[in-house]
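Okay, structure first, notes after.
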Amino acid sequence: MEPYLPSMLAVLVMKTIGTWFSFKVAIGSLLLSARMVSVLSAVGIMIFSYKIGSRIFNKLTPTLLFVAFSSFLPQIIFLGAYLNNDIFSIFSTYMIFYFLIRGQQTRWDWCSCVGLIISVSACILTYYSAYAFVLMAVMIYFIDHKVTEKDYLIKTVTIVGGVFTLSAWFFIRNYAHFGDFLGIKTTAEYYEKFGANVAHPGGQYFNNIIEMIFSNHSIFGPDPGWLVMTIKSAIGMFGFMEVRFANKIYLLYFLILIIGCILGLNSLIRHRNNFTVTQKFMFLFLTFCLALPFALSAYASYFRDYQAQGRYVLSALLPVMLLATEGYRWLASKTHQILLYLLTGGWVLLGLYLIKTYLFPILIP
């Protein structure tokens, strides 16, 4: 089977609560306690986005904007409210990136090494779509020239051994039980056996995967095409994707982010000569971290089951929000810092308003 660490942690929480209260709590309360894994993951995204912003931007205003972008996107708030792998996977990517930044700035002190062990292990035991961050962690660690020769070997062995100890057991178990190390083959077989009657591969409706991605229609009635639907649901769709915002809301979010990203690219290009070799490689890997979730989601939709769901690509949240924040930081430096305050406050208030207006009515009849 494919990794599902958040579900295992949820069972542990339920078991702990049940044991603590001698299983005298209501079943509903036990089920509710399982959601704490997602709740804490959402809080963790907020904490680590602040820590990342503090180290990259060195100023409070762009840091708070990055926190707002990362934590108050409606879909992120929604994912933090129920048990799922997605929010934990996103949280692990923020952890990885923070400890990579910290490691470079502290010459890879032991705290950074231990943090990298925990964050990489957590990422490995969630979605494969976030594995680009694992690859980035490995490559940046070896590319970075601040690792001293004296400690290089012992720290490298410690990191490799720690990650192996914390994560390899799941894949060894897979091989022992199913003869399938990664679990991909087994998952596909189970999906074909138990889900074949409800699966709708995009390949049955489109001539090729490119046509599916950029099509202006879905295989399900009036829904928009795969790319548009994926982007919309990454911004926010609740319930079984039937609770949706007005189109102008999606357009507003999209314009804010795409303008920020364009400005961010402009800023990076202008300052490209100031970056170290390690930083240039990090930008390259962040691009890969952005592209991989979309590629894997499109592949699964075309060959397995058509699922234009934004939560499957939200592992790309960090590079998008980081680039957009840099764009508006650069724009504010050329205009006025009040721009960042207005954007941060507006983003937070809009996110909370949409949650209250669209999500609360289906949670609290």
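Placed from the backbone N, Cα and C atoms, the Cβ positions cover glycine too.
TrEMBL annotations:
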| type | residues | note |
| --- | --- | --- |
| TRANSMEM | 20-48 | transmembrane segment |
| TRANSMEM | 60-77 | transmembrane segment |
| TRANSMEM | 83-101 | transmembrane segment |
| TRANSMEM | 113-140 | transmembrane segment |
| TRANSMEM | 152-172 | transmembrane segment |
| TRANSMEM | 250-269 | transmembrane segment |
| TRANSMEM | 281-300 | transmembrane segment |
| TRANSMEM | 338-355 | transmembrane segment |
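Recorded stretches compared: 113-140, 250-269, 281-300, 338-355; the one with the most Cβ pairs under 8 Å to the transmembrane segment (152-172) is 113-140. The recorded stretches the transmembrane segment (338-355) and the transmembrane segment (60-77) share 3+ CB pairs below 8 A when only pairs 6 or more apart in sequence are counted, and are therefore in contact. Remark: the transmembrane segment (113-140) makes no contact with the transmembrane segment (60-77), by the rule of 3 or more CB pairs under 8 A. Here the transmembrane segment (281-300) has Cβ contacts under 8 Å with residues 93, 100, 128-133, 135-136, 139-140, 143, 209, 212-213, 226, 230, 268, 275, 307, 309, 312-316, 318-320, 322 of the same chain, all six or more residues outside its ends.
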